[in-house]
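Residues or ranges marked as region 'Disordered' in Swiss-Prot: 1-21. Swiss-Prot lists 7-17 with the feature compositional bias 'Low complexity'. Residues or ranges marked as domain 'SAM-dependent MTase PRMT-type' in Swiss-Prot (evidence: sequence analysis): 28-359. The active site annotation in Swiss-Prot covers Glu142, Glu151. For 189-229, the entry in Swiss-Prot reads region 'Dimerization arm', with the evidence type similarity to another entry.
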Amino acid sequence: MASLPNGAASASAASSAAGGGPAVVDKEVDFANYFCTYSYLYHQKEMLCDRVRMDAYHSAVFRNAHHFRGKVVLDVGTGSGILAIWSAQAGARKVYAVEATNMAEHARELARANDVADIVEVIQGSMEDVVLPEKVDVIISEWMGYFLLRESMFDSVICARDRWLKPDGVMYPSHARMWLAPIRSDLAENKMEDLEIAMHDWNLFVEDTESYYGVNMNVLTKAYRAEHEKYYLKSAIWNNLHPNQVIGQAAVIKEIDCLTATVDEIREVRAQVTMPIKLDMTRLAALAGWFDVHFRGSKQNPATQEVELSTAPDVNGGTHWGQQVFLLTPPLKVNEGDNVKVSFTMVRSKENHRLMDMEFTYELHESSGKQLPAITTKIYLE
């Protein structure tokens, strides 16, 4: 998750194309709410310590050095500058490293310290506003957010591609997929317990306020509970799952070709999938979402060695992205041979285009032929 702001111009166009979605993005507000985090070294360190992330990008660049040798590279949202430095070390003639935040100065320092300052030019600013002196052969970016599309940074990558990538250029990564899978988990019980503790505390507060100050706050109890139900039960939960928590077949709900994708294609994601249950006598407590990206080059200019970066549950540990857990309330008892049918919709929040609102309609088709009524739930990826 690198740092680069979505310009007001592109956001306005996105809103117009949607027929009235989010308002035009205020860059100062967007920076304060989102990008400022990426200006801190502690946050950059968290990403740089993610071995899965680092190994995938390092392998993609150096195992496919022919894409970089003697070429012009654009790093969108360079952050610490690590991808720009690798691109230079792989033989790039010139690297333009665009960064929105003051992390740009640290990126310049790292380029100098690693003897590539003559190749890597760090440009602080919005990708939508930056003007390069030439077209580029490669666009490299670590733009992925939770469940791939949270943060909406891919918009800026698309803008960069459409403005600056040569017709025979390549994207790093070149492809991406979003996955959904049925899981078992105790998170629902834990979150329900947290909710009840919060409500118990509220009830004591109501009693004390009336007792000490003569004001009855009980009229707000319903709103307080709804607020906390959203937080505890209807918000996506970050988790690093173990593979044995996945109780059925995972399904791809979205595939993206980074060379051709448009903002319209990613502004709203819709899918209908059927996921067979593979474990007997268990409970479907939630759905889990993750993503993978691939470095394949292009048809005209393929990679010598394809590399995959996956954020799927892994016995060897996870990534800083983890997986997103979407609680299903109520959970369902399931058996091997049952099928879970899910209709999924994800759209950008009207309040903040970097956050996502999701709706799941799920129904269980038992192996006996019995079909349970469909249940619809809303989940917020914030």
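Cβ atoms are placed via backbone N, Cα and C, with glycine included.
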* **Long-range environment of the region 'Dimerization arm' (189-229) - Cβ separation under 8 angstroms, sequence gap at least 6** => 237, 327
* Under DSSP, is Glu142 (active site) helix, strand or coil? -> coil
* Asked: Mean pLDDT, the domain 'SAM-dependent MTase PRMT-type' (28-359)?
  -> 95
* **Residues in the region 'Dimerization arm' (189-229) grouped by DSSP into helix, strand and remaining coil** => 37 helix, 0 strand, 4 coil
* Cα-Cα distance linking Glu142 (active site) and Glu151 (active site), given in Å to the nearest integer -> 12
